[in-house]
Amino acid sequence: MITANEIRRRFLEFYKAHGHEAVRSSSLVPKDDPSLLFTNAGMVQFKKIFLGQEKRAYSRATTSQKCLRVGGKHNDLENVGRTARHHTFFEMLGNFSFGDYFKEDAIKFAWKFLTEELKLPKERLYATVFRDDDEAEQLWLKHSDIPAERIYRMGEKDNFWSMGDTGPCGPCSEILIDQGEHMTCGPDCGIGKCDCDRFLEIWNLVFMQYDQDATGKREPLPKPSIDTGMGLERITAVCQGVFSNFDTDIFQAIIQYTCGLANVSYRSDDETDTALRVIADHSRAIAFMITDGILPSNEGRGYVLRRLIRRAYRFGRLIGLTDTFLHKTALKVVDIMGDDYPELRENSDFMARVVREEEDRFNRTLDKGLSMLEDELATLSASGAARVPGDIAFRLYDTFGFPLDIVNDIAEKRGFSVDEDGFKALMKEQKERAKAAWKGSGEKDIASRFQPLLEEGMRSEFIGYDHLCGEGRIVALMDEHALAVERLAAGQKGYLVTNRTPFYGASGGQSGDIGTIASPSGKVRVVDTIKPSPELVVHHVEAVEGDILLDQEVDLTVTEDDRVASARNHTCTHLLHAALRRVLGDHVKQAGSLVAPDRLRFDFTHIAPMTPEELAAVEREVNRVIMADIPLETDHMHYDDAVKRGAMALFGEKYGDEVRVVAIADESVELCGGTHLRATGQAGLFLIVSESGVAAGVRRIEALTGWNAMHAVLAQRSEQAQLSAMLKARPGEIVSRVESLQKENRTLRKDMERAAAQATSGQGRNIMDEATDVAGVKLLAAKVEVPNVKALRDLMDDVRSKLVSGIACLAAVDGDKVQLIIAVSKDLQTRFTAPQLIKDVAAEVGGSGGGRPDMAQAGGTNPAGIDAAFAKLRSLIGG
């Protein structure tokens, strides 16, 4: 039986033999494409090439691209595990032509690979073409053994592809395989007639031959291109002769491993099988997402990861996995796929820790969610309701990850139904909000503003690695709205592009340069430099003298102090990264950075907050390398050679075949396009000013270098002197003096709490005499004097210990505010609950509140309404 790994290998080798460059899979996090949450197709990493914004050294490529589809039109998450072919993570095999070959070779290659390499039976293969694509049909007849009766013409919905409302588009041709008559869905079964699995699409060939404008008009592209995609999981199922992708070797190893953990059997019952398939699918997605730098959070990509972990964990509970297990199945993915994706092995320990921590967190969350649901059901029962409102079900789902079916199950056992329509309406609102919020960063807007320049093939030669000034010619001039102009006059703002520039455009976390550009007739101040594409640098300018004109020769000068300050911070960012890995471990990876002239910010993967000792060790390591004054070396080389040299490739970054390597002896080797010092000693000093958490598994260090670090040290010394004066202690005695004051403060606080407790206890004994009978219910409603809210709660606890059956309400005034607490004994909770009562009672004092069925608390702003509140409580009890 041919394995999935063998199919992947044969595919890439086949296209390499036909002149294609085998390109590495890009990250699941799209680089420079804020329109996408995840990489969801093989062509994503080549999008700028298809749009004419980028050029590569090759004109044909082949990839096995890792993809994730869990959002937008591809959001079929609830179907994963329930069908044979829905997945979150999958691999897309593809071949691409960038103005090289077109339809004929695309069809020839596909037919040859399927029938000669994979040896699929020719008599079972079919093709579809776009209804108007006579050329594609003739090419299939010419280069394959598919007869005319097995070639189907389809409409635009099925066989026409576009990148968006505008841009490259074209017809496509799908290859299908007949899986046999036993798969027939009925008398109307057939291609284009039904969606059953008899005629299974295995490969889609897209012929990009038009450029569509905003009106829908299509013009032929000067260089038509090819984009094809074939799902590895699907073609593996076909080659291995199994109906479901989950029955292939891709998934079976994970499924059987999970069976061993849960002591269950696959193919025993539908519920168990679904759970096993979900766990296998999600384990793959989770392992690759974390490896590509995505970490659990409550927004964006991190929220998707958290949902997948919780969904898989919940399905594990359904088959008896009550302990954490998902980190183990994710490690099984590493065992299976680590040879083809080495990054999985490199990050396996960290990945497993992140998953384990998220499992533990979800365990605690589930307990809280169950408690909340029980409280809500008790409140509903007391009020006589028989239906769980949709907002409660939604809150449980949104806050605790409780799927609707769990709420349904628990509610049904207690005799309740659930408002599913209300739940779905709130879910729809949330999705619409999320869709509106996901507009990405400003990168997309910046790139689109300068799209005309990119389409014209405009490029800038960057000379800033070696020079801070230089000469160039203005090749594009725009006003502040990025509209083409012939000149900028003094006081006007706009954008300027030169054929050569020493200005570094913001990228890789480093801020853009500032400076001046002068011509014989005028001068502009460069307030920022941006980089809408790898080969185009745009200066954001403000004219300060005379006029600056299109096509003028100009002198460009970068502000040296800011450039050098940025270089200090960028070099120290590399040193910090290396130091963190030495002190904390190799699991540390860069998760984001900011390099500005005045500071650096570095986000990195690490589970726990750093200790003071660890921070001090990292700071010492960086300063050790600074004081060693080690020269920096830069070199350009092939990506694979750089990796062999040990260069660090960063999460989420997209690298071309040739990369720039920045090396600091044996201390640090990274792929980097930024500007740096010539030697580490130029950094002067490195000072960490803060360490904090920014997301689950991601920490952040902010630091200063050079003069900024020196100024911070001087400021700290000044503050130390002030503290010494205030505490009447020498600098070396400050800590012991503060500790002494803290101890004294704790003693005084305990004395105050003891006095308050004594007063509270005394009130508790006395106010019990104020209890009255209201409609057969013992009611205590009393206004009390206490020092704080904690004392009020303590007093209520004292009252509850003496009130065997009844309702108590205590009110305390603090200035213009009032606090209320209501307690209901257990025997009365079928008639009254504390949250029910306090809602109406608190309204009398201008407040609101909530709590558990046995006790609820509220705050108000109208102390004068306390008597009315007590009266309201009596009326509620008396009916």
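Cβ from N, Cα, C; glycine included.
Now, the feature entries from Swiss-Prot:
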BINDING   H570, H574, C672, H676  Zn(2+) binding site
Field: Cβ-based neighbourhood (8 Å from the centroid) of the Zn(2+) site, residues H570, H574, C672, H676 excluded
entry: A567, T571, T573, V595, L632, V662, E670, G674, T675
Message: My understanding is the cutoff is Cβ-Cβ under 8 Å with a sequence separation of 6 or more in the same chain; which residues meet that for H574 (Zn(2+) binding site)?
response: V662, I664, S668, E670, C672, H676
Query: What's the most sparsely packed of the binding-site residues H570, H676, counting other C-beta atoms within 10 A?
result: H676
CB contacts for C672 (Zn(2+) binding site) [other CB atoms within 10 A, all chains]: 25
